[in-house]
Amino acid sequence: MRETKSGLQQSGAGPNLSKSFHAEQNIPRLLGILPGHGEEGTARRMNSERDSETTFDEDSQPNDEEVPYSDDETEDELDIPPPVEPEQNRINREVEVTRDTLRKECGWQVKANDCAFYEQPQFMKTAYLCLKKSKYAGNAIKTYKYNPITFLPLNLFEQFKRVANFYFLVLLILQCIPQITTLSWYTTLIPLLLVLGITAIKDLVDDIARHRMDNEINNRTCDVIKDGRFENTKWKDIKVGDIIRLRKNAFIPADILLLSTSEPNSLCYVETAELDGETNLKFKMSLEVTDRYLHQEGALAAFDGLIECEEPNNRLDKFTGTLKWKGKSYALDADKILLRGCKIRNTDVCHGLVIFAGADTKIMKNSGKTRFKRTKIDSLMNYMVYTIFVLLILASAGLAIGHTYWEQQIGNSSWYLYDGKDETPATRGFFNFWGYIIVLNTMVPISLYVSVEVIRLGQSYFINWDLQMYYPEKDTAARARTTTLNEQLGQIHYIFSDKTGTLTQNIMAFKKCCINGQSYGTCRDKTGQELHHPEQVDFSWNMYADGKLTFHDQYLIEQIRSGKEPEIRQFFFLLAICHTVMVDASDGELSYQAASPDEGALVTAARNFGFAFLSRTQNTITISEMGTVKTYEVLAILDFNSDRKRMSVITREPDGAIKLYCKGADTVIYERLHPRNPTKHATQEALDIFANETLRTLCLCYKDISEEEYEAWNKKFMAASVATRNRDEALDKVYEEIERNLILLGATAIEDKLQDGVPETISKLAKADIKIWVLTGDKKETAENIGFSCELLTDETTIHYGEDISALLQTRLENQRNVVGSNTNSSQRSNDPFFESGRNRALIITGSWLNEILLEKKKKKKKLLKLKFPRTAEEKQKEMESKRRAELVKEQQQQNFVDLACECSAVICCRVTPKQKAMVVDLVKKYKKAITLAIGDGANDVNMIKTAHIGVGISGQEGMQAVMSSDYSFGQFRFLQRLLLVHGRWSYIRMCKFLRYFFYKNFAFTLVHFWYSFFNGYSAQTAYEDWFITLYNVLYSSLPVLLVGLLDQDVSDKLSIRFPALYVSGQRDLLFNYRKFFESLLHGALSSLIIFFIPYGAYLQTMGQDGEAPSDYQSFAVTAASSLIIAVNFQMGLDTSYWTFVNAFSIFGSIALYFGIMFDLHSAGIHVLFPAAFQFTGTAPNALRQPYLWLTIILSVALCLLPVVALRFLSMTIWPSESEKVQKNRKKFKAEEEKWKRRQSVFRRGISGRRSAYAFSHQRGYADLIASGRIIRKRRASLTAVLGNNLSEVRQAEEAS
């Protein structure tokens, strides 16, 4: 049996399935079937020539239904005939394979109930120097970074790793050296302490939250055998080898071997929502021997089995091991392992042995490496700080040289400048170099990083507080789980999305049907007349209706209840009987457990329409038909697989008649219909209509079978069932014989429910020039169908598949080889587009084709084909050259693939593993240098989420692994448009505006010292008072720029969503780049020129009103400082787009604060208390009472601002940006919004061949378990237990009929 598994989907299989799995390996290779996961030998016998060749084998085709095997070990997908192998090679290979298998797969030993076993020397590993610890991990999870002892030293160490912080620490040390200091030490210490303190508090708050989350998980409890008895134990205290007991609805705390359960045959149902976001149940089954003996507490406490198995790894769908107990060995596989993160369902009690704990569990191994994420602006900002460092050193060096020259020419000959130090001009110049490093240090803004952190923190709270991103159904608010990536949300180029649980709800809903050529499901009344307003159908007449089905066709209900058309009742009867669903009846309620949500939806629909599936045994099934309970004998179940695309049941009715009921894809059903089917064409038309509406369709049919025909067929069926070779092939052949000449009943149409607003969100994001790729483990047909549903694909889209682009890429690669010629080092390649422009194209590719095209298949196994002889240096060189050439070709091929995929408007990768998802994201990051976002909801998306620049988790479902690894989380996919188009764009604009202004105000402030140097002998004297320098970035100019970084918005949130094109500025880095940086530098330099030279010119040879000269140094410093504060704060006002009271208060308040503090610092009282620290006594009151000085300040401010106002006016008039155009017309747009309604979808789809033609699970159903009786409870529930209080009503209905 080929068992096709989606990414992380766990499927159970009993012993029969294992036998048939091994029988698979003998299926003739002419079928073109991929090797099964167990075909190690076949994989190793692949043609060794493929080690060095990178061209494609045209005869081999990857199977679109297969998922590449695992993350650690991707099997070769192409199954080609093995070459002729010498006998000695075969013997050597088999010996080496045996050794390799023993070494690899038996390196982990677990002894039950024996703590001393793990203290043996062979199980210890070196932790640090000579300290050793056990290689078996504890079960505690640790995600926090600090503890009370390590917080302060570790946090300070991390902070001083930042170049700016370390620079200011060095600066503080320099200021303590008397020979070179020009500023007081507190001018650097106070801002540095403020920066370190705020960052430390933020880190502490974040780490406390991580501690709380860890404690919540680690302090969960379950029952563990301690001293012979079960004791309630915390998860963190669970160890490898412990026996644990779990109850219904409990999470599994570690990877455990299932020993026994309360269910018959030790079945255990698990829900894997934490792993893959899917809520349909999978089942596991323990060994028969452990189930027989290990139920009682005493027996479990005495259990001393030894498990030898594979080392911890991330392969969720594979496990290889052996249990040794009582002198016998028992094989273990993945079907007997319960994984951490899953949830026990429909099983009262189960017992298990812990095999992997904590960090060794598969879910933790599969989570991928945590990457430190930084924004693009962060990187750019660091480079700009380095640029400022260079400018600072150059300016300081130039001024130091100037001082040396000045000392030689003037200083040495001026006796009145002698300071008592006999130092040479060169020495004085050297000291002045460090003095200017200190004076000009504000070119590198110490408060830049802490201001950025404060802004990001505030923006994160705005995301958390956004009520429009709150999902009330699950009580889930949006949450920014990191505070360092907000502005990057405004620069996204590519979105990589999971499908199940992310785009879809993973809920299948019965929408329409076609019965006997007549379509049902539209809004109609009981007479068949169409209704303009939909009315929900009343199912109150049906005692089994669950009340959850939304249906508006009253006419269908009337037809069912009247019984005038028997085909309608037969249609729903078929849905109720032809399936492998299991039923659980408790408290009179029916609960269905299906292998896939599709099948569950069909059986639930039949239940609501009057045909309720009640119970089943190994060979019977009980159904309530319009209130009448009947039991049918099930003679055979012909189960679904991915080749058959259909399933059938053969039943014997109470009157003895034998019938076959079948449902499946229209493509396979229509080939098997009887030639005389009058409703064939009408049903086909209905299928086309359903396909246009992107509904998932199934055809239903039946066949009467005579007793003789059945007996003859049953003999063949029984023979095929016990075949030892090619069992599945034999069974399929027998199935084919009976599934002929079928009578078509009709078709169902199921909606794979998208989350609300998905098409609109994708449409908006596409208009923002964001490309969306869907990466899913689902089938190709299903993924394509969802692509149409969410309007990623449209009727006009030209779809390319893996086989199509394989030829294109191979041709491109050959052309590049020809162009490059013999120069293997050349990176030249063809840059011509793969497709003609002007058409809408999409790419749909499976995981098998992805590995084939990207040359990602593992080749290391092929080494076993060769005898090992000593190699010459020439052979080694040749091998290295061959590997290097293969790597170059692989890199070139991957780049070609990315180029081709990025030419498509949409890309859908299906049947891909978690590792492949991360690989695709990484390829786009690597070759396109684009900002990426990954969004998902399951553990299979964690790797992708961590790889992308930004990871988003869908919360509110039961699976929270993706959320815990994400940077942002919310409840629905539709909130992504608000996160990006509103919060992301605003954050980007605010951060860019903040940085531009921040650099401007610091250059305007610092360069005044530079100009002043030309008039003070380059002596490193400051142009301002020391306290002004200390408080400038902390108090006088910090608040307005912080508020702009937090609150500013160019257009409203509604207009941001209405005009997605506004988002493009962030993608193109238009608002902050090196050009903008140098513009800010130039602007600051010009402002500093004005702020210095206007007061300097005004004070030159002037006299005050009272005959005193106002041109002293201290009055000049006050004038320049006052001009600077007013100019930079008013400049911030010019840059503010969104005015509020807070903004206005911050600007005028900062100016008022400056004057208030200055008058206090210049007062006589504070000078008396601290005469050395406050030397500008009376300067402000004396200087600012001069009108002449105020005119100077006004002139300086006007000259700083008027050119900016003029340039802004010209720019907005002649070259307005998109944002400015929207701003200009915002009142008009606001009026239009009142009338505007969401556009009706214009999506049309008329190509019926593209519909998702079947709705089954990716694996076989429960047919084998049903037929064997292993899944049926030992004690069959009575009809009273199933029907509860409704039994009397059923009896009365039977008597009345």
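Note: Cβ is positioned from N, Cα and C throughout, glycine not excepted.
On a predicted model such as this, the values are computed, not experimentally measured, just so you know.
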Query = According to TrEMBL, which listed range is transmembrane segment: 186-205, 686-705?
reply = 186-205
Query = Across the domain 'P-type ATPase C-terminal' (963-1217), what does the pLDDT come to on average, as a whole number?
reply = 87
Request  = Within 10 Å of the Cβ of T500 (ATP binding site), how many other Cβ atoms can you find? Include all protein chains, please.
outcome  = 28
Key: Rounded inter-Cα distance in Å - F640 (ATP binding site), D498 (active site, 4-aspartylphosphate intermediate)   = 26
Task = Run through the Cβ atoms and count how many others sit within 10 Å of the one on D498 (active site, 4-aspartylphosphate intermediate).
result = 29
Ask   = Near the transmembrane segment (994-1015), which residues from the same chain, at least 6 beyond its ends, have a CB less than 8 A from one of its CBs?
value = 377, 381, 384, 395, 399, 402, 436, 439-440, 442-443, 445, 448, 451-452, 455, 1021-1024, 1032-1033, 1037, 1041-1042, 1044-1045, 1071-1072, 1076-1077, 1079-1081, 1083-1085, 1087-1089, 1091-1093, 1096, 1120, 1124, 1127-1128, 1131-1132, 1135
Ask   = What is the total of other Cβ atoms whose distance to the Cβ of G777 (ATP binding site) is within 10 Å?
value = 29
Request  = Between any two of D498, K499, T500, E599, F640, K663, R696, T776, G777, D778, R911, K917, N940, D941, the residues recorded as binding ATP, what is the biggest Cα to Cα distance in Å?
outcome  = 33
Request  = For the transmembrane segment (1027-1047), could you work out the same-chain residues 6 or more beyond its ends whose Cβ comes under 8 Å from its Cβ atoms?
outcome  = 183-184, 186-187, 190-191, 194, 442, 445-447, 451, 454-455, 458-459, 990-991, 993-994, 997-998, 1001-1002, 1005, 1117, 1121, 1125, 1128-1129, 1132-1133, 1135-1136, 1138, 1140, 1142-1143, 1146-1147, 1149-1150, 1153-1154, 1157-1158, 1161, 1173-1174
Message = Distance check, please: Cα of D498 (active site, 4-aspartylphosphate intermediate) against Cα of R911 (ATP binding site), rounded to an integer number of angstrom.
response = 11
Request  = Determine which residues of the chain contact the transmembrane segment (1081-1101) at the Cβ level, with the cut-off under 8 Å and only residues 6 or more beyond its ends counted.
outcome  = 999-1008, 1010-1012, 1015, 1023, 1110-1111, 1115-1116, 1119-1120, 1123-1124, 1127-1128, 1131, 1188, 1192, 1195-1196, 1199-1200, 1204
Remark   = For the transmembrane segment (1188-1210), the candidate among 383-406, 433-452, 1113-1130, 1137-1159 having the most Cβ pairs under 8 Å is 1113-1130
